[in-house]
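Feature table excerpt (TrEMBL):
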- 1-25: signal peptide (SIGNAL)
- 27-589: domain 'Neutral/alkaline non-lysosomal ceramidase N-terminal' (DOMAIN)
- 119, 229, 517, 560: Zn(2+) binding site (BINDING)
- 321: active site, nucleophile (ACT_SITE)
- 591-756: domain 'Neutral/alkaline non-lysosomal ceramidase C-terminal' (DOMAIN)
């Protein structure tokens, strides 16, 4: 008997060891997610470079979503982080890697960590380290930076702690009507025979990975890549938003939760008269003090590490717009000029229209006609495709995990063209087409896309800042140099010179980490070149089934990458291609080197020059809140304007009850993994949170009262169709301090109750 016990014990040890090594699945897998919303007041948004577009509330919260895959506990692994942010940041990458090193040693490094942005244009800025990306944010914004860095770190920790044996399945399919080419005339500059190989002038394919727990068979996450700009929300929007990809992620995660929620709801509709009577007896509460954790306690989705993670990542998005109805002149309603995307020579009159048809169109550059609805529709189209791919995945990924990474000085790369002619990249520069903006967000008056000359006034402004060298002028030709950012170093560099490129391998899936925005055709050329190199350099390990995806805006940001032919027309994307006409050729050449090394099993011995850490020289002109108090006789959290009831005395689906509270600047505490707003439903004698500021139906808006100069928070709830009939109230959470050095105090308040049928 004793011998049998020994045999059983040894068997259990072997079983545990093989389980830990991934015997119940091809890989070890883990997913994580963390709140990175950032300051919801006063901070300029990153994307449109509109100095007046400062945060003033929350559409829904931003998140960092992460997956980790490993061959075994000791084997190769990599991390992919998807941020609800405009783009990755070199400084974020540097500082996050320092944090990971102090916690995990050399387990996670620049080699095997990829940090990518979704390209929402509705997140707080000030977290990048180069001057050109922080001018409108008044320099570096530490609170923005810390919120994102902390979320990346925490999501990686969560994914690491969740590592378990599991399987990964892949599927691909087309997303319909989620993007159009916003620079079609530039696309037509590409060779006709090349264009003839593709059915459309944008890529429509989504690639999705489904992560499955090997022990339980439970789905734990899904990550997908598809190109469309995060510009459904306009350059007049001031609510923090993950834009269409954030909507898709929220819909996906909520859909998955609903599929696995077996709770039965009572289908009996309460008597509306009784609901109204009960609601009328419950008046607004006065503002009162609460604990810091009160906001987190009212969060609907508690982040305990067990939630399904659904991420919608960005790809070769450079010339792809979500405003799929096209661009029209806002003064006449006629289509814009095809080559320049302007109206009567004015770039500001040409604006792209999203698919949302709700509110009346107005002159103020707003989306046609409802940007909130357009954001939801484009998000839904990605979400619906993802669900179909998720439910039909059958192809399991298997094979090696591998990665290659190198730093390159992109201002001085020698590129050998097919004709054996050697050309070079250039110091970074922006052309006048950059200043014209796009149909998603028009730029400065007096510029048009395709400009080949700079008027004397702007040339004098340019020369006052830094006159470009003759080498730069010749190198960037035919781009006229409006800003020679690669030759501007005061008070610190205006543009990056050293960029990372990276290849991640998960079996037959290859992920290319690109630190910029490739146009559609540029992305196609890069994918094909890498795939062909992998096939030709290996002994059959890579073949026609190898699948290559581009993860744009990853690890740092260096604006756009247009094809050589598109560069000649100098539309926005070409004018924003920093390193000259041969930028794409340089990327293809250097990625092919990484691909060849991966295919041949060789390590990269020369890692290239490290990028600078400019954290010590960052300048910030954005002042912190100085401390505040409510008006005399008022408490923070008190109601200024209570819910206004319709004539019928109750609300129905589609109505928008709202209430306004005396509040404080939301920068005092970001309420991370909490909420500034909640919709509570009365259940018996208890109030239960059913919606929070991470829901698409609930809007938290903050402003300064014009008459009293005190802060006001407005909570609006667009009652969704799935809302349950009952008695509800709106609740606000916030934080304040009386002086800049005093302790933070937390407060809450609630509106009067109201009935919903």
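First residue shown is number 1, and so on along the chain.
Including glycine, each Cβ sits where the backbone N, Cα and C put it.
Have a look at these and tell me how they're positioned relative to everything else.
For residue 229 (Zn(2+) binding site), the count of additional Cβ atoms within 10 Å of its Cβ stands at 29 [all protein chains shown].
Cβ-based neighbour count (10 Å, all protein chains) for residue 321 (active site, nucleophile) stands at 25.
When pLDDT is averaged over the domain 'Neutral/alkaline non-lysosomal ceramidase C-terminal' (591-756), the result is 96.
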Could you state the CA-to-CA distance between residue 517 (Zn(2+) binding site) and residue 321 (active site, nucleophile) to the nearest Å?
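Between the alpha carbons of residue 517 (Zn(2+) binding site) and residue 321 (active site, nucleophile) there are 13 Å.
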Between the Cα atoms of residue 229 (Zn(2+) binding site) and residue 321 (active site, nucleophile), find the distance and write it as a whole number of Å.
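With distance taken Cα to Cα, residue 321 (active site, nucleophile) is 5 Å from residue 229 (Zn(2+) binding site).
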Starting from the Cβ centroid of 119, 229, 517, 560, the recorded Zn(2+) site, name every other residue in that chain with its Cβ within 8 Å, sequence order please.
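For the Zn(2+) site, the extra neighbours are 314, 317, 318, 320, 552, 553.
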How many whole Å apart are the CA atoms of residue 119 (Zn(2+) binding site) and residue 321 (active site, nucleophile)?
12
How big is the Cα-to-Cα gap, in Å, between residue 321 (active site, nucleophile) and residue 560 (Zn(2+) binding site)?
14
For residue 119 (Zn(2+) binding site), list the number of other Cβ atoms lying within 10 Å of its Cβ atom.
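There are 29 such Cβ atoms around residue 119 (Zn(2+) binding site).
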